[in-house]
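The signal peptide annotation in TrEMBL covers 1-28. Taken from TrEMBL, the feature domain 'Inhibitor I9' covers 33-109. Residues or ranges marked as domain 'Peptidase S8/S53' in TrEMBL: 130-574. Under the heading active site, charge relay system, TrEMBL lists D138, H203, S522. Per TrEMBL, domain 'Subtilisin-like protease fibronectin type-III' is recorded for 629-726.
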Amino acid sequence: MIRRGCILKLLLLALNVVLLMSNSYSQGDEKEYIVYMGDRLKDVSSTASLYLSMLRNVISSNVAPDSVLYSYRRSFSGFVVRLTEEQARNLAEIGGVVSVFPNKKYSLQTTRSWDFLGFPEQVRRATMENDIIIGVLDTGIWPGSDSFSDAGLGPPPSKWKGSCQSSANFTCNNKIIGAKYYRVVGPVKSPEDVLSPLDTEGHGTHVASTAAGRSVASASLYGLGSGTARGGVPSARIAVYKICWSDGCYGADILAAFDNAIADGVDIISLSVGNFFINDFYEDPIAIGAFYAMKNNVLTSNSGGNNGPSAGSITSVAPWLLSVAASTIDRKFLTKVQLANGNLYEVIDIHTYIYICTHLTPTNLMAICTLRYCRIGTLDPNLVQGKIVVCDTLTNGNGPFSAGAKGAIMHYDFFLKDVAFSFPLPVSYLDDDKGIDILRYINSSRNASASIFKSMEVNDTVAPYVVSFSSRGPNLLTPGILKPDLSAPGVDILAGWTMAASITGVPGDNRFSPFNIISGTSMACPHASAAAAYIKSFNPTWSPAAIKSALMTTATPMKAPTNSSAAEFAYGTGNINPLKAVNPGLVYDANQTDYVKFLCGQGYNKITLRIMTGDDSTCSNATNGTVWDLNYPSFTLPTASVSTPIDQIFTRTVTNVGDPTSTYRSVVSAPAGLSIQVVPEALSFNSLGQKLSFNVTVGGSISRSMVSASLVWDDGVHQVRSPIVVYVVASS
């Protein structure tokens, strides 16, 4: 999710993380470690004594039973414990332990969107939609929202094996059929945090209602975005796993939620959480949990991250999960700022206040220069009370708000022009050129004043395009796999909100609303999760890879000029199209064996492979595959330079899920200098479920750092489209 001036937060947080990484722990310092032990133990009743015995071997003979902070036992095995670095190394050497790694912290990544995708409320639905369960791993949920009414819904499906952690402030129903919370690292650190599945932040409620919320008429944020709010699969059930708190989302809790969600019987996992830095698969709780989900026929949909537009910023890169970028819809919010001299500025912004008009106070004219940045405690209330403050940077607005300002105008050279933020007071943020214009006006007038008007909705005729904050490829961990996989609406999304927090979460902001408008790949992810659930409701036996393939090969190609330089590294195969995805014609299927071959080809050994699979899989000549042969719905080829000759063969297999008797012909589009040959050029099927293989040979050379081509299999009814991306990989 992107909101509350998070651009500055992202920059500062990235610096803080680097600084934290440089501060190594001394030998005596303890921190939480995840001790991962692979597949679920057959005798779970003895796990407690087994774990204590292992700890006594590396710590001391008098280890207390409560030393184990959490045990994983339903879908895989392991536990969480506080250790020194030396103890962690020693524990990793004990038989039965697959890996030991630190409990790292991850971060959250938020009416009109479904209609914009061509997916109306009256779309054809399968009766089985009532039996689809989406597991939402997030900040919890607000059960009192109308989005989660269970009117007309029967009891949970018989496959459901989960439970509800009810309390005085939380109960489940036939819509929210299960709810748990996880807090392995100790007591919560903020009075805003509640030890229950109750959402006191808003993010989880927004995500859940986007994916599976019931239809709610006349929904809006103080009149903005007015319409019917609904999820993509409004009859599906929701299982809630609260893993995020005011201090972040920890890997131990994420793994615990995966462990339970898989065993509980969810069909799709929606996870709008990610990291700032890329980790190898065997060190990434999300990649490990998603692998186990895949083994149990559950697709994980994951937000791509909010670290764009830098190249290589995407961190959700495991090929067995669905990585989702954030795209715009055809609605944006603008705010007008008018100076008393008549100058008028229109900026992308969200504020709900009707209208303000007052004097301007430039903080750069105050006595202390640090006041220019409008931090909390740096503004003199006597100078800014009841006035519009001009700030020389973009902040979350807390400084002017707490000092009693009536509004703020912020200007900043690192300026996102394609996403609106919410603030606790009327705020407009401009680029530096416009900000300088306003400062010149203030310096030329003794009674400078301005008006900030309430935000208004306008049509964005260029949409869809990927928003600037959405993390980009290429995939730095596995350059031969295209990431993100696809894009979905993630900008200015109206959806349900908690009534336990204001719309900004800023203390003193008294605007509470059952709906809120926020942005982020966090908001794109549940759109893709719902689309996956929609496909699953019609095709209950399809594997996670088949569902993912259907979404990717039917996505709408994106050609907006704002994404011309990043192209597929911004949007993957394109923008989701749920209606087409339910009947894709052909799918690129894959299973655990295929991913094991892929990992072996990436240099995994017996130890690192077991971390991922949890079993006794080994790498050999028979299982050593290349990234080019992983049955992925896209084709990606890194090369050393624009002058390097290219000659690469990809092998793929497609499964017929369309018409029993059909012939697909290949249609190739390629730029000058790049040759693409498909053998055979046509695929003739005689039955459903039939599999046929083909080779794609990419040759020639490229004239710039990245070029895009495509392969479409066309039978006259279905167009199964795969991008082919060739790019120069950075030497670093």
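Every residue gets a Cβ built from N, Cα and C, even glycine.
The model shown is predicted, which means the values in this text are computed figures rather than measured ones.
Residue environment of S522 (active site, charge relay system) contains 34 other Cβ atoms, counted within 10 Å of its Cβ in all protein chains. Confidence annotation: the domain 'Subtilisin-like protease fibronectin type-III' (629-726) carries a mean pLDDT of 96 in the model. The local packing around D138 (active site, charge relay system), expressed as other Cβ atoms within 10 Å of its Cβ over all shown chains, amounts to 29.
Spacing of H203 (active site, charge relay system) relative to S522 (active site, charge relay system) is 8 Å (Cα to Cα, whole number). Taking CA atoms as the reference points, D138 (active site, charge relay system) and S522 (active site, charge relay system) are 10 Å apart.
Cβ neighbour count for H203 (active site, charge relay system) (all protein chains, 10 Å cutoff from its Cβ): 28.
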